[in-house]
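J.: Take a look at the following structure, please.
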Ligand SMILES: Cc1cc2nc3c(=O)[nH]c(=O)nc-3n(C[C@H](O)[C@H](O)[C@H](O)COP(=O)(O)OP(=O)(O)OC[C@H]3O[C@@H](n4cnc5c(N)ncnc54)[C@H](O)[C@@H]3O)c2cc1C
């Protein structure tokens, strides 16, 4: 127990919310709109969680989540409600595909220019996955009659039961493995892949980068959380205070007592500034891999303890490289590159829209991704060597100029104590059908809310918003 001394602040609210990411802040805002009082407790000294924009060496970078797709209607409505604007990703010109032999191909449209047989196989696999996503859906994939069968085979092996074309399997695998769950395709099940596809509307939507990476928020995705925080009010948001203890069976009208420690991100504890929030309900709006960082009193039950150990975040390095101009456009290239066998498997033009001048920045920005096992290897070498290897890999696709950015930065969410990976959590092999039905079950006054347990918008900011709204609606009904 965190000792209560003379200066510890004690707040009493209808709902305590742990985590000031998009999910926790959406829940807080909707609850307030419904007339309830809230306090949001956040470990970091900023809001936004896995969405975070910052200026690095003079360049504006979206270090975390950024893209919005047309199916993400909860997020799109919220953006407009908050008075924020979006802009389209640059997509003129030809894309590049590097085949397994290292040969570069220019192409347009959403089908990689592989040989005819591989293309046919890819189309067949996409149709198969679209059909499964439509049949199983994102709401209760664990309840489908095929759930166990699909959840006990890895996506890697499932693809190879469907096709003997290795290039087609690797290309299709990329969209879910490196591209979304950021785990090797042997580490998660075919059912988890189907959930990923269904949550985005279809597998075809994931394959179509013009759909899934459609728009960005002017000023960065973190603006959504910053705007929500402004609505909720600074007096109701406690930054730099990890929730350490959650008591949920206290006597009286307020069964919840959250004890939050004043503990800065650089490791300085200020015990005199500890905060205690007493509440009727609590929303735990942090990814499931962090639930066990909180000491629950009394302890959660066996099922919860087991379930949380089967959900883990993937790992990806989001690489930002800024150049004096978007030089690739002069070559008629969009900046979009795919190479399933490369260190950097995906690259996109990530040039910013400047809200001050209301036009695109003159500097060009590329963003690339190094996923799962390749990311593991990169973190065993020095920062200089890693940068050289990553830029080499990008230059293999976009040319020598790529090797000389004026700003270079790697988003490393695996090293962030209050996230521990990217982009979001997924179950290990067999976990989704075994535990999925219980992932949203409240425990007494404790409710769970984050993108990692969303159905529509799963793994995305949209899912975080949907979960925040759903949890707020449930608690509003209970509080009335
Ligand atoms: C590199 C990267 C790229 C991404 N790209 C996209 C994209 O392009 N589009 C998209 O839609 N999504 C993207 N995502 C995913 C998206 O950012 C997340 O799905 C979303 O931010 C999840 O929101 P959340 O509120 O559920 O959780 P989070 O954003 O993780 O917020 C949880 C909050 O809880 C806090 N917290 C944790 N433990 C405690 C504790 N004990 N006490 C108090 N506070 C605590 C954390 O500090 C954090 O602020 C990306 C993510 C990353 C990392």
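Glycine residues also receive a Cβ, built from the backbone N, Cα and C atoms like all the rest.
Bear in mind that TrEMBL entries carry predicted annotations, made automatically and left uncurated.
Since we're looking at a predicted model, the values are computed, not measured.
Summarising the annotation, TrEMBL assigns FAD binding site to 23, 42, 43. Summarising the annotation, TrEMBL assigns domain 'Amine oxidase' to 23-473. Per TrEMBL, the feature substrate binding site maps to 369.
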J.: Inside 8 A of the center formed by the CB atoms of 23, 42, 43, which other residues of the chain have their CB, for the recorded FAD site?
T.: 17, 18, 19, 20, 21, 24, 40, 41, 44, 47, 49, 285, 286, 418
J.: Restricting to the chain of residue 369 (substrate binding site) and a gap of 6 or more, list residues whose Cβ falls under 8 Å of its Cβ, or answer none.
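T.: The answer is 178, 179, 316, 317, 318, 319, 344, 345, 346, 347.
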J.: Can you check how the pLDDT averages out over the domain 'Amine oxidase' (23-473)?
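T.: Across the domain 'Amine oxidase' (23-473), the average pLDDT comes out at 96.
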J.: Cβ under 6 Å from ligand 1: which of the binding-site residues 42, 43, 369 qualify?
T.: 42, 43
J.: Looking at FAD and its recorded binding residues 23, 42, 43, figure out the farthest C-alpha pair and report it in angstrom, whole number.
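T.: Maximum Cα-Cα distance: 15 Å.
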J.: Relative to the Cβ of residue 43 (FAD binding site), which residues of the same chain, six or more apart in sequence, are found under 8 Å away?
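T.: Residues satisfying the criterion: 19, 240, 241, 242, 243, 263, 417, 418.
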J.: Enter the number of other CB atoms within 10 angstroms of the CB of residue 23 (FAD binding site).
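T.: If we count other Cβ atoms within 10 Å of residue 23 (FAD binding site), we arrive at 34.
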J.: Which residues, sitting 6 or more apart from residue 42 (FAD binding site) on the same chain, put a CB under 8 Å from its CB?
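T.: Spatial neighbours, sequence-distant, of residue 42 (FAD binding site): 19, 20, 24, 237, 238, 239, 240, 241.
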